[in-house]
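Below you'll find the structure, written out as structure tokens, and then a few comments.
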Amino acid sequence: MFYDLARRFMFTRDAEWAHEFALNNLSRFANTPLSAAWSQNIVNKPVNFLGLELKNPVGLAAGLDKNAECITAFAQMGFGFVEVGTVTPRPQAGNDKPRMFRLPQSNAIINRMGFNNKGVDNLVNNVKAANYTGILGINIGKNKDTPNEQGKDDYIHCMRKVFEHASYITVNISSPNTPGLRDLQYGAALDDLLQSLKNEQLDLVAKHGKQVPMLVKIAPDLDPIQIAQVSESLLSNKIDGVIATNTTLERSMVAGQQYADEAGGLSGQPVRERATHVVSELKRLTNGQLPIIGVGGIDDVSSAKEKINAGADLVQIYTGFIYKGPQLIKSIVDSL
């Protein structure tokens, strides 16, 4: 009821304004009685993933809480795990506004935010202040003005900063909104990056005396040869897991709708089939050896089960959560 009213109001406003308005209020009121408006008790459905003990297999995808300002509020909603970021070494403003558009006819969003965030030091301070004891993923990226040849330096910088504060780390090489970033998903560039990051991870494990799994987030816009190459590279470099998928550049599913031709990544219902296909292919190509978090177009029980049946160990929601609210978490967890 509360979310229906809130959504009705926010959907009359600019999409990014509504996003910031929601985050500001979640952050402001998380430790007050007003948090009862979104808090809910969700039955425990424990799952072990990469040695991490989760209360349930439904997580918040990266991109919603880029600066880790609302961890407490999202925990109150019942997420089994929360992923914050994408964060970069230095603060950056992102792309020009407007840069976020709703396609309500398809329960979808197009965004070209461009990794807008306040930088990794700010995120780490927010994580410390939250005192969150649940499972926290931290999603890392490179600054827009960092050349791809030096991209691994940005990822390593972020890894070092977040390592002791993260339950797992996600390497984002699949956002379509940082020029050239997706080129890191292919061939020698991918192997070079993953080898460097794996070596850094092993050094950090030795330094801090704790295991922090490293996952890679990939795009849905991969052809069969590319999916096979990515799978081989993830396995050969002993990457701990994969998140499939990010947003799509494909527009055929929303052709003719308002904002359909806006540049950026499309998320929500239209990416569901593509994301599920990538999950299924990853499962097949790796012989089930690679733990998978499925994300993309999950906005009800059947779409969550579809990802799990395709091979995902866990699921994440973002756009579906924007359209359906905290009740979506509860309905999915109850059904699993």
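Backbone N, Cα and C atoms are what each Cβ position is placed from, and that goes for glycine too.
Residues or ranges marked as active site, nucleophile in Swiss-Prot (evidence: sequence analysis): SER175. Residue environment of SER175 (active site, nucleophile) contains 25 other Cβ atoms, counted within 10 Å of its Cβ in all protein chains.
Look at Swiss-Prot and you will find ALA62, GLY63, LEU64, ASP65, LYS66, THR86, ASN139, ASN172, LYS217, THR245, GLY268, GLY297, TYR318, THR319 tagged as FMN binding site, backed by sequence analysis. Secondary structure from DSSP puts GLY268 (FMN binding site) in a beta strand.
Counting every protein chain shown, the number of other Cβ atoms lying within 10 Å of the Cβ of ASN246 (substrate binding site) is 27. Per Swiss-Prot, substrate binding site is recorded for LYS66, ASN111, ARG112, MET113, GLY114, PHE115, ASN172, ASN177, ASN246, THR247, and the stated evidence type is sequence analysis.
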Among the binding-site residues listed here, ALA62, LEU64, whose Cβ has the fewest other Cβ atoms inside 10 Å?
LEU64
Give the distance between the Cα atoms of SER175 (active site, nucleophile) and ASN139 (FMN binding site), rounded to the nearest whole Å.
12
Residue pair ASN139 (FMN binding site), ASN172 (substrate binding site) - Cα distance, angstrom, rounded:
7
Spatial separation of ASN246 (substrate binding site) from LYS217 (FMN binding site) - C-alpha basis, Å:
7
Given the binding-site residues ALA62, LEU64, LYS66, GLY268, TYR318, find the one whose Cα is closest in space to the Cα of ASN172 (substrate binding site).
ALA62
